[in-house]
Each structure stands twice: as C-alpha cells, then as structure tokens.
Amino acid sequence: MSNTTVEQFAAELKRPVEDLLKQLKEAGVSKNSGSDSLTLDDKQLLNAYLTKKNGSNGGTISIRRTKTEVSTVDGVKVETRKRGRTVNIPSAEELAAQVKAAQTQAAPVQPEQTAEDAVKARAEAAARAEARAKAEAEAAKLKAAKAGNKAKPAAQKPTEAKAETAPVAAETKPAEPKEKAVKPKHERNGKGKDAKKPAKPAAPAVPQPVVSAEEQAQRDEEARRAAALRAHQEALLKEKQERQARREAMKQQAEQQAKAAQEAKTGRQRPAKPAEKPQAAAPAVENKPVNPAKAKKEDRRNRDDEGQGRNAKGKGAKGGRDRNNARNGGDERVRGGKKGKKLKLEPNQHAFQAPTEPVVHEVLVPETITVADLAHKMAVKGVEVVKALMKMGMMVTINQSIDQDTALIVVEELGHIGKPAAADDPEAFLGEGAEAVEAEALPRPPVVTVMGHVDHGKTSLLDYIRRAKVVQGEAGGITQHIGAYHVKTPRGVITFLDTPGHEAFTAMRARGAKATDIVILVVAADDGVMPQTIEAIAHAKAAGVPIVVAVNKIDKDTANPERIRQELTQHEVIPDDWGGTVQFIDVSAKKGTNIDALLEAVLLEAEVLELTAPVDAPAKGIIVEARLDKGRGAVATLLVQNGTLKKGDMLLAGTAFGKIRAMVDENGKSITEAGPSIPVEILGLSDVPNAGEDAMVLADEKKAREIALFRQGKYRDVRLAKQQAAKLENMFNNMGETQAQSLSVIIKADVQGSYEALAGSLKKLSADEVKVNVLHSGVGGITESDVNLAIASGAFIIGFNVRADASSRKLAENENVEIRYYNIIYDAIDDVKAAMSGMLSPEKKEQVTGTVEIRQVISVSKVGNIAGCMVTDGVVKRDSHIRLIRNNVVIHTGELASLKRYKDDVKEVRMGFECGLMLKGYNEIMEGDQLECFDIVEVARTL
C-alpha cells in the first residue's frame with residue numbers, strides 16, 4: 001500500500017479530489033488527475049506543507065445551521081429551534097496519523113487526536129453536557145411544579161447520573177450527529193451502567209468554552225421552551241386521562257343499570273360483554289408512590305428523546321410521539337417497521353360502548369343450506385356456526401351443507417328464531433308469473449277428452465272426425481298412447497284428447513291442472529254400460545266437467561240406445577230429453593252418422609262454459625305425452641293452456657328444461673307458435689319429462705336450470721329414501737325384523753268385474769309373512785307401460801282374458817318380466833297361492849333317527865373321552881345331531897365329532913352294533929348315559 005492513487009487517498013481523507021489536487025500542487029507535488037499515484041514521499045511533503053500552513057491547532061471548523069419551527073398546541077404557538085452540528089475537518093497531524101495507519105495496516109484509517117485535540121473535545125463535551133443538564137433541571141422543576149412533590153427524587157437522580165456520564169461520553173468519542181434515532185432500551189441501560197464508573201481524564205486541562213455567550217443563551221432559551229411544551233403536554237394528557245376515568249365510571253354504572261333492567265325484564269341473566277380496560281387512566285387517578293429506579297429509567301429515556309425524539313415523526317423513529325399525538329391523548333399506536341406507520345384513532349374515540357339489546361333475527365331455513373349461508377342469515381361469523389356444530393358433534397367446514405333440522409337447532413342455539421322455509425314450489429312460481437304478466441283473456445277452444453270402455457269405438461270416432469285412420473297404426477288395434485288433436489269446424493276449433501284408460505286423466509286431475517273442459521263418454525249401443533264406463537263417469541264428476549254421451553255403433557242390428565239411456569240413468573247421467581242436463585247423441589263412427597250433431601253439442605257446452613285464456617303472455621301448459629326419439633331426442637306433446645308458445649322459448653317441464661328448437665302439429669307440419677288449447681310436439685328439452693307434468697315458459701335459462709336442478713335433487717332424495725330399505729347394508733337388519741314379504745302383482749283384465757274379483761281374491765291370500773301387493777289393475781291389453789312398471793317394481797303380470805302386444809312381449813323377454821295368461825279365475829288364484837307358499841319360510845322339524853347307550857368311557861390324552869356305545873334303536877349317522885340324556889334329563893345338545901367301528905371311520909351304525917364316538921366340544925360323559933340322535937328336516941309350509 002506504499003503507492004495509492006489521488007482518488008483513493010482523497011476517499012481515505014474524506015476530502016474532494018479537486019481540493020486534494022490543489023493542496024498537492026501548493027505543496028510542490030505535481031498531480032493532474034485522480035488516477036495519478038501517490039508515493040510515501042508525496043504524502044510526507046503534503047503533510048509538511050499543511051503543518052506549516054495551518055499549524056498544529058487548526059483543523060476544527062464549526063458549521064452551524066439553525067432551523068426554526070413554529071408549532072401550535074391548543075392555540076399556543078411554540079417556537080423551537082434545532083441546534084447546529086459540528087463538522088470536523090482533519091488537521092495536518094491527523095493526516096500524518098492516517099498515513100502512518102495506512103502503512104502499518106494495524107487499524108482502519110481514522111484521524112487520531114493529539115492530546116491537545118482530546119482536551120478540546122472533552123471541554124466541548126463537558127460544556128454541552130452542562131448545558132443539557134441545566135435544561136433537564138429546568139424541565140424537571142417545571143414538571144415537579146405541575147405534578148407535585150412525587151417527581152422530585154426522580155428528577156434529581158437522573159440529573160446527577162447525566163452529569164457523571166458526560167465526561168465519559170466526551171472521552172470515548174466526539175459529539176454524535178443528530179440524525180441518530182432513539183437508542184434501544186438495552187443500549188440506554190448499558191450506557192447508564194457505564195456512567196456509574198468514575199471517569200479519569202487523560203491529561204489535566206482547563207476547559208475552555210467553545211460556544212459564545214449568545215449561542216449559549218439561544219440554547220438555554222430553546223431548552224426552556226421545550227420544557228414548557230413538555231409540561232403543557234403532560235398537563236393535557238393528565239386532564240384527558242381524568243376525563244377517560246370519569247367516562248369509565250359512568251360506563252360501568254350504565255352497564256350495571258342496564259343489566260339490572262334486563263334481568264328484571266327477561267327473568268334470566270345474559271352474560272354482558274366485558275368492557276375494555278382503560279390503558280392510561282390508572283396513573284392519572286391513583287396516587288401511588290413512584291419507584292426511584294423506575295423514575296430514573298423514565299427520565300433517562302426522556303433525556304435521550306429530548307434532542308432526537310422531537311424529529312422522530314419525520315424520520316420514522318419507533319416509539320416517538322409528536323405534538324399531534326400528545327394532543328390526541330396518546331391514543332396513537334405505532335406499528336413497527338421501516339416507515340413506522342401509525343394506526344390513528346379518532347380524537348373522540350374511547351372504549352365506552354352503550355349497552356344494546358341483542359338483535360334476534362328470524363331465519364328462514366331451507367331443506368339444505370351451507371354453513372356460510374346460515375351464518376350470513378344470522379349476521380354472525382361463520383366460525384361461530386362451526387363452533388356450535390362442533391359442540392353438537394359435527395365436524396363441518398364452512399362450505400359444507402347441513403340439513404334443515406340441524407340448521408334449526410343451530411339457529412336456536414345462537415339465540416335466533418328459525419323457521420323452515422317453504423319449498424321452491426313451481427305452482428307458486430307460476431302464480432308469481434301470472435300476477436306479473438297481466439294480459440287480456442280471449443276466448444279459447446275447448447279441450448275434450450274422449451273416454452269409454454275398451455272397444456267401444458273411442459279412437460274410431462276420432463278417426464272419422466279427423467278423417468284419418470289412426471287405428472290401423474296401433475299394435476293390435478288397441479290405443480297405447482295418448483293422442484292430442486285439434487279439429488277445425490265451421491263453428492270453431494275443438495281439441496281432442498284420446499286416452500287408452502283413465503290413469504293419465506286421473507293424474508291430471510290430481511295435480512289440479514284443468515286440462516279437460518268437456519268429456520265425451522262413448523258407449524257401445526250393442527254392449528251397454530260396462531264397468532270402465534261407470535268409472536269414467538265417476539272421474540268426470542270428480543273433475544267437475546260436463547259430459548256429452550255418444551252412443552256409438554247404432555248401425556248394428558243388436559244396438560239398443562234406449563237400454564243405454566236406462567242404464568246410465570242408474571248412474572245419475574240423465575238425458576236432457578228426460579229432464580236431465582246431459583246431451584245424448586246417437587252416432588256411428590263407421591258410417592259417420594250424426595258426427596256433426598256431436599260436434600255441435602260439444603261447442604254448445606263450450607259456449608255455456610265461456611272458456612277464456614290470456615293470449616299475449618308466456619305460455620304454460622301440460623305434458624300430454626313424452627318419448628325419446630332415436631333421431632330427434634326428447635319429444636314431448638304439450639297442450640298449451642295459457643299464453644302463446646313460440647319457437648325459441650325457454651321451457652321448463654318437471655326436471656327437464658331447454659329452448660324449443662322445433663314445433664310440430666299433429667299432422668307433422670312445422671309451426672312457429674301455438675295458442676291456448678292447441679297441442680304441439682316440441683323438441684329441445686334436456687330430458688324426457690313425465691306425462692302430466694306442468695310446463696311453463698321462463699324468461700332466462702338460468703332460472704329454468706335452477707328450478708330443474710332443485711327438482712332433480714328433490715326427486716333424487718325421494719328415490720333414495722324409497723330405496724333405502726332395499727340397500728345391501730340394511731338387508732340384514734330387515735331380515736332380523738319380522739317384516740312380511742311382499743308379492744307384487746300387476747293385473748290386466750278384459751272387464752272391470754274380472755280384475756276387481758281377481759284382485760280381491762288375491763288380497764285375501766295375504767298372511768302374516770307374505771302379502772299380496774296389487775300395484776296396478778286395469779282393463780285392456782298388457783302395454784309397454786305395464787311392463788315398465790313391472791321392471792321397476794319387480795312384479796309379475798297377470799293377463800285375464802287379455803294378451804300383450806308384440807312390443808310388450810319383446811320388452812318383457814328382454815327384461816325377464818314374467819307374464820301369465822289365465823282364462824279361469826281359480827287357476828290364477830292357485831298359482832299365486834303356490835308362489836306365496838314358496839315365499840314362506842320353511843318349517844323346521846326334528847326327526848329322531850336312533851338311540852345309543854354309553855357302556856364304557858375311555859380317556860385318551862390329548863384327545864379326550866371316547867364313548868364305547870351300543871346302538872339300541874334306529875341308526876346313528878356321522879352328521880346327526882345328538883342329545884345327551886342322564887337320568888331322563890337333557891344335559892347337552894350338540895353334534896358328533898367322530899364315529900368309528902373297529903378303528904374305521906364309518907358314516908352310520910345300525911341297531912345291534914357297537915361303535916365308538918366322540919362329542920364335539922364336550923367331554924363330560926359317563927357310563928349309563930343315553931344319546932338320542934336326530935336330524936332337522938325343513939317342511940314346506942302352505943297357506
């Protein structure tokens with residue numbers, strides 16, 4: 001390190017390069033740039049030059065910059081002036097010391113002080129310490145005057161400690177810059193410990209004042225103003241603490257009064273919210289003796305903060321307070337960190353909260369609800385609901401769903417009122433939609449349902465009206481599906497519904513959808529009133545719709561219309577020409593006789609009913625029929641009841657929804673809209689809806705999807721509940737119970753009397769263990785719907801004088817559904833009785849096979865006791881059950897472990913022969929005991 005550059009040497013001396021180059025030129029060393037190298041001789045020349053120029057006493061230049069700040073505290077202007085700072089410029093001796101240190105590399109390059117410089121520094125430090133001690137003494141006096149005599153010892157001891165500390169601080173290092181922030185607690189404590197040691201000066205010197213009298217006066221004035229400001233702040237703080245203490249007392253008194261009033265009102269005590277404790281009220285109210293050590297520590301902290309803490313706010317010092325903080329009563333929390341951000345409270349904020357009554361919410365709880373939604377309804381945090389559920393033994397998360405009963409219990413536990421919410425009823429939604437859309441009601445065509453007994457000519461009558469041959473397309477000539485048609489007549493439009501039976505009609509009536517306005521009751525003139533006809537009359541009367549009787553097949557020679565009128569009169573269907581209200585029309589579907597008169601009678605009934613429906617409104621209707629087409633997907637026949645159905649509408653039908661992609665009428669023609677009472681085929685639903693489902697047009701897909709998914713969940717829950725008993729895990733539980741087995745039967749007969757008699761006879765066969773469950777009974781052939789019902793329920797089908805069509809037989813063969821045909825009712829009863837007998841649990845009986853006498857007992861180690869026996873009666877078999885009888889008392893019942901004769905294992909031993917045997921798990925046998933051998937035989941039971 002003998003050769004260094006000018007730039008490096010300037011950095012070591014902490015001098016600008018230009019100044020150093022100038023001084024080198026003045027010393028006779030020619031250097032032009034900072035990159036030129038300096039030798040040891042060059043440095044010595046520079047040192048000699050500076051020593052000659054400045055002398056040994058030069059080197060300290062005081063640069064002071066005063067800054068005055070004016071602050072306003074509660075209307076009082078306080079002027080504070082910041083002290084200047086001293087910048088030390090190294091002298092020639094210090095430069096020489098730095099050069100020497102660079103050569104030896106024994107210590108970092110630091111300007112060394114000579115003895116004379118050290119004396120000067122100590123004198124300056126002593127003067128500053130004395131001035132600071134004076135300021136502290138004045139501040140302590142002012143503080144003592146305000147707070148009383150309790151702070152006098154605490155103010156005197158820190159002053160003495162500070163006076164002792166000053167020489168040591170001056171001896172160890174020069175005055176520190178003002179930028180340093182407040183030191184940590186442990187550093188202050190360490191400084192205090194060092195202050196207790198007596199400081200010995202290095203050399204005796206007379207301290208000389210380094211500041212002028214004017215500057216000293218300014219410093220004294222500044223210290224006095226700071227002490228006055230601090231005393232004023234402390235007085236304000238004390239006053240605020242007293243006010244806060246009074247508020248605390250008032251709050252506690254108000255809480256006690258509110259608590260007493262609540263107890264008197266409710267009769268039970270609720271735990272009140274604990275009030276927050278005041279943090280700064282205790283020192284202002286209580287006059288406790290001050291600990292001298294604590295007072296000394298606090299005063300030392302205040303002294304350290306006096307010069308530096310005043311600017312701590314602007315410099316991010318931790319723990320510093322400014323005047324605004326003191327004005328707010330000290331309620332400003334300082335968050336640790338680099339920037340020292342502060343979380344400010346409002347100036348008038350306090351811990352007092354007025355007692356309020358607990359808010360009780362009325363919570364509507366749906367069938368399922370998540371924990372988060374339940375907490376939101378009660379206006380509590382989700383953690384509280386999770387805690388309540390955990391106390392009930394349920395480990396749940398905030399996103400987990402709980403059932404309605406559990407949610408109601410949680411609501412009650414948390415002090416609120418829980419009520420089960422009404423289900424998302426589609427009917428209610430329809431009502432809201434109807435109220436929202438008010439459209440003018442216009443006349444609509446009547447909807448007519450054709451009912452009657454099988455083969456009485458319902459479909460043939462509709463064929464003639466429609467001028468089509470629909471019957472030829474049906475398998476076996478029997479109507480299997482519901483058909484919907486509308487016919488235009490000179491007097492208006494009529495919509496017809498053709499049904500194979502009464503089931504679909506009954507389902508419509510049960511749901512309250514008024515799909516039918518008028519019923520045409522078709523009765524064959526040559527057959528008379530049949531049970532199905534009577535049932536149709538009952539359904540029409542239950543629905544409250546008028547009846548028009550069409551007496552068909554009057555073209556036959558055996559036709560007797562008058563007999564039909566007489567028979568119907570017995571069922572309260574009285575012709576209008578006999579003084580009743582029912583129109584009777586004699587027609588012939590084959591020849592078309594009086595068809596126009598029948599349509600005229602239907603339109604006359606429609607005029608009396610004054611049928612109207614809104615047209616300019618969202619459509620709603622009922623699903624008449626639905627199927628899954630291979631090429632087109634879900635196809636549904638919809639009967640529009642209100643409004644106008646348009647292509648592109650969003651339709652909801654049961655659990656199915658979708659945008660209508662195509663609309664086709666009954667003739668196969670594509671249409672774009674359909675008004676009230678018009679049946680159409682629609683395409684575009686997401687799934688096949690059930691027949692009889694209500695359909696409605698919604699505004700958007702979101703609402704339709706929401707309701708459809710809700711219904712799917714409801715139907716799924718119902719389905720799972722029904723299947724619960726048949727699950728594998730519950731099967732053994734059901735076996736343990738004495739539940740009766742069920743034999744499910746579907747009965748289809750030619751006439752109502754036949755299936756009623758057959759159903760009644762089968763139900764009489766029911767016993768305690770086996771019951772007959774007639775799932776469905778009806779008149780007509782076996783259809784695909786019957787086979788599907790049998791597949792779903794595990795039933796078999798009885799056909800009494802009827803047969804299944806080709807499609808039904810094929811479906812039954814593929815799904816292994818048993819179909820039995822009978823012509824005699826007793827054969828059907830006997831077969832069902834035999835099937836029920838097979839379902840009965842067999843009866844177990846004991847059959848004694850032989851008797852054995854024990855004549856000798858042989859004990860064999862590690863084997864047990866072996867009985868030497870004689871078969872006295874019957875046969876003893878190896879797998880026989882035995883009873884050990886001693887003195888005519890049964891001692892043990894069990895099985896044989898082994899059966900031998902002459903050391904050979906045998907399967908049986910007959911009477912009169914000897915044998916040896918062992919009992920399984922039993923050795924307590926004696927000579928003279930009797931063994932009774934028996935077998936358990938299962939005997940089939942009969943009804």
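Any Cβ shown, glycine's included, is placed from N, Cα and C.
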_Range annotated as region 'G1' in Swiss-Prot, from 28-35, 452-459_ = 452-459
*With Swiss-Prot as the source, which of 16-19, 552-555, 780-783 is set down as region 'G4'?*
552-555
*State the residue range annotated as region 'G2' by Swiss-Prot; the candidates are 22-26, 412-416, 477-481, 712-716.*
477-481
*For which of the residue intervals 498-501, 630-633, 842-845 does Swiss-Prot record region 'G3'?*
498-501
*Among all the protein chains here, how many other CB atoms are within 10 A of the CB of K458 (GTP binding site)?*
26
*Determine the minimum-neighbour residue: among G452, D455, I554, listed as binding-site residues, which Cβ has the fewest other Cβ atoms within 10 angstroms?*
D455
*Pull the DSSP breakdown for the region 'G1' (452-459) and write it out as helix, strand, coil residue counts.*
2 helix, 1 strand, 5 coil
*Mind looking up the mean pLDDT for the domain 'tr-type G' (443-612) in the predicted model?*
75
*Translate the DSSP assignment of I554 (GTP binding site) into the three-state scheme.*
coil
